[in-house]
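Here's what TrEMBL has on this protein:
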type	residues	note
COMPBIAS	311-321	compositional bias 'Polar residues'
COMPBIAS	322-334	compositional bias 'Basic and acidic residues'
REGION	282-334	region 'Disordered'
REGION	361-417	region 'Disordered'
TRANSMEM	76-98	transmembrane segment
TRANSMEM	118-140	transmembrane segment
TRANSMEM	161-188	transmembrane segment
TRANSMEM	232-255	transmembrane segment
TRANSMEM	426-446	transmembrane segment
TRANSMEM	458-481	transmembrane segment
Amino acid sequence: MSLTERLLHAQEETHYHFNPPEKKHNRTAAQLNAVNYIRKVNAVWSLFGSAYIIYDSIRTLRQRRGKSSGERTSSYILLALSLCDFSSSLWLFLADWTSPDPFVPYEETPTVCKVQGFFVQLGLCVPVYNASLAICYYLLICRRHQGIRSKRQSSNQQSSFLRSVTPMLLIGLPMMWGLSTAVSGLLLDLYHLYGPMGVCWIAGSPIRCAPGGALEHTPQCRRQGQLDTYRLVFGFLPLLLCFVVMIIFFTIIFFKVRKRELTSEKWNKSWMQLDTGGSSSLFYNDTNNSREEAPPPQSPRQAEESKKITANDNNQSNSGGEETKQEERPKSPVELELEAGVAVELDDMPTFAELEACPLEMIPGKDPEEKYSEDDNTPKTCSFEIRNSANTVTTTTTTTTSLRQSDKTTSLRRSDKRRISKSQQVAMQSLCYAVAFFLTWTFPFISWITTSYFLKRYYALDVLTSFFLPLQGLFNALVYLRPRYLQFREGNPDWSLWKAVTGGSCCRRSSSKNDNNNNNSQG
């Protein structure tokens, strides 16, 4: 008996469980075949997508020296997720050859059906890995620049311990949960043909143990009342928890990235005001009407010394004593760099003694090159060359200072933009994985609610469940290829979709072959 015939007979025995007698909606053979073929075709696409992620993740993890620990953790989570999804999609594809005959009342469930139920239950760790991936992206985006760094050794040891344990928990806990529930299902003999979908999972044996079925009160159906509890604890309650976790963490990620964008815009506006000559209490001097660098912060020792010098000056001024020369404050590294840069650029400039020899104003009617003096006893020399050199000194110093300040401003803005853009890219990638998760598991969850609590089955929900449930591997592969596609598309806007996805490997091979042919012809 084919699977379609078995399912047609099975729904006759179970329609009391899924629909009231007055609203009986039996499935035709064409409808059941459509659901079956849709599940098979999409499972094949999911197998290819998961296999590609597994291959590329292993290849890139071997070259992980350039990656951070957070990126490696997300790669390991995605690798484990793809492995579980590959096994689940494979057994969804093989459902026809592993389903038992539902109309042999006391026949023992075949071993291959139990194996299928084991891997289907193990595949339910995929949504748990999606929640783990959401937590990983939260730590990577929101907690990367907010780590509490204390000077005490105990706090450093605690933070390093958490950084080493967190990846292990994010990768190991979902797999431990999936294996424990799958093995528990084998030990409790829970895996049988589940409903008219033709998949082995947590169900009664045989299928006519459903409420209203012919074998409802037989000894073989004594555990039927417990099966709903097992399905709730092993399947749908963790799925609901994953929905809640992903919604919470992705909401936090969205608001965090948005806050960084607003902060970046605020700082960009302030830097624009500085570049255009706007005023600022930290970088602008109203008395001199010119921009100045804020004084560097002083250490406690420097503050005490400055207070002592100020007190001595006040005492000497009150007592009428001679004024002492106040010590200069230590120069900041920026000032030292500026002086060093000016000294290098002004090696050939005149000395200050030569500049002091010049009067404040040129005497009219005199030759610039002629020697003259303000009085007869103090002859001095002055030329236009020295005055031009003095103007060059002032202009060069001002230009060097402004250039260094503009370079610092530009570097700060560029680093801030790079940080914001990287956070935006990671947030968008994590959001795409969340969309793939919700598309895959929303319709199975709704179908379970309508079946368990409203005692109804809808053919449209069966079709949507069969269509989207096996497709998470394909969705994850598309999201996995998205950054690569955007990167090649940005550098080569005239490329086609296939050429951008493959990275131009085909074109590089053809171009290399053409180059070799040209070299051979020239030789």
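Using the three backbone atoms N, Cα and C, a Cβ is placed for every residue, glycine included.
Using a Cβ-Cβ cut-off under 8 Å and counting only residues 6 or more beyond its ends in the same chain, the transmembrane segment (118-140) has close neighbours at 70-71, 73-74, 77-78, 80-81, 84-85, 87-92, 166, 170-171, 173-175, 177-179, 181-183, 185-186, 191, 199-202, 234-235, 238-239, 241-242, 245-246, 249-250, 252-253, 426-427, 429-430, 433-434, 437, 441, 472. Highlighted: of the candidate stretches 161-188, 232-255, 426-446, 458-481, 458-481 has the greatest count of Cβ pairs under 8 Å to the transmembrane segment (76-98). Same-chain residues lying 6+ beyond the ends of the transmembrane segment (426-446) with a Cβ under 8 Å from its Cβ atoms: 127, 130, 133-134, 137, 140-141, 236, 239-240, 242-243, 246, 250, 253-254, 257, 461, 464-465, 467-469, 471-472, 475-476, 478-479, 482-483.
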